[in-house]
Amino acid sequence: MDSDDEMVEEAVEGHLDDDGLPHGFCTVTYSSTDRFEGNFVHGEKNGRGKFFFFDGSTLEGYYVDDALQGQGVYTYEDGGVLQGTYVDGELNGPAQEYDTDGRLIFKGQYKDNIRHGVCWIYYPDGGSLVGEVNEDGEMTGEKIAYVYPDERTALYGKFIDGEMIEGKLATLMSTEEGRPHFELMPGNSVYHFDKSTSSCISTNALLPDPYESERVYVAESLISSAGEGLFSKVAVGPNTVMSFYNGVRITHQEVDSRDWALNGNTLSLDEETVIDVPEPYNHVSKYCASLGHKANHSFTPNCIYDMFVHPRFGPIKCIRTLRAVEADEELTVAYGYDHSPPGKSGPEAPEWYQVELKAFQATQQK
């Protein structure tokens, strides 16, 4: 973000003083192909100016005696933005970062261009990390916390570079000037980063998620022949994360090559990975660390599957409400099977889904 190091002027467009130095508003192109547009006073940047770097990023602010001072805006090549406080050309002081969609992803302090002090990292799903960063600006220490999307439930303890090593259930009681105050909850459950593999769903399959446990329960579904279903414990508004969908991680090829009977609890995570909750883990007596796989299908669902970065499970999907949901209401999602796969006459879906689809389409035509 500091482009002044060993930069050699290649071309100057604008007024020059008697010594041939940029003076007034000028555009200076450097040997690195970086470009600066702004005000100069006898060869030094003074006043508003903007760097255009070779990689597509930019840095804009107010220069005094050739150095950026005060508020500056660095725009990454992908469109993300860092708004920070500069002293003598380096980040020193409060800063905020935003992603390409304008969502806040970082809030904290910088010292000599490195994150410093208590910092917050925000995920698009609503969760966050908070704590005092180490000398390298990393979320490493004994007093770091992951805060769930309710901005209250937390896992507090030891993290290394943002990865939970040992967390205990806590409640975020208050935040004063960016500093959080946590209160540890009774109990001796310990949580740690436990990303599943193709063969291990969890090293502690019967340890429930504390956030999920407050919001959902499993009971007999109200949908005919659907078995168990997922229900809301509490009344919530729209866009609320209710449950998590963890499972073993397998490939799309593996899913596509086996019988539909084995794919009852599969959910695509991305182009490479499918999350699966196979036997015997579809029984809560064998696995209850996450319950999202218990949500049944509906063509008029009250929830959706959404991406989620979980402190324990890693990248997974969650179940998020589409609308307000009442206590004891069953949570449903659209399974999203392909209704018109190429080269096939009918949908690529299990038989029960095809039957329900025809019935639903019939009601829509009335």
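Cβ coordinates are placed from backbone N, Cα and C, and glycine is handled just like the others.
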Additional site residue, Glu166, Glu176, Glu351, Glu356 [criterion: listed by Swiss-Prot with Ala226, Gly227, Glu228, Asn296, His297 for S-adenosyl-L-methionine]: Glu356
Nearest of the recorded sites (Tyr245, Asp256, Lys317, Tyr335) to Asn296 (S-adenosyl-L-methionine binding site), judged by Cα-Cα distance: Tyr335
Pairwise CA distance, His297 (S-adenosyl-L-methionine binding site) versus Lys317 (site 'Histone H3K4 binding'), rounded so that it is a whole Å: 16
Residues of the parent chain within Cβ reach of the repeat 'MORN 2' (59-81), under 8 Å, 6 or more residues beyond its termini: 1-4, 38-39, 44-51, 53, 87-89, 97-100, 105
List of residues, in chain order, with Cβ under 8 A from that of Tyr245 (site 'Histone H3K4 binding') and at least 6 apart: Leu267, Ile275, Ser290, Gly292, His293, Tyr305, Ile316, Lys317, Cys318, Ile319
When distances run from the Cα of Ala226 (S-adenosyl-L-methionine binding site) to each of the recorded sites Asp256, Thr266, Tyr335, the nearest one: Tyr335
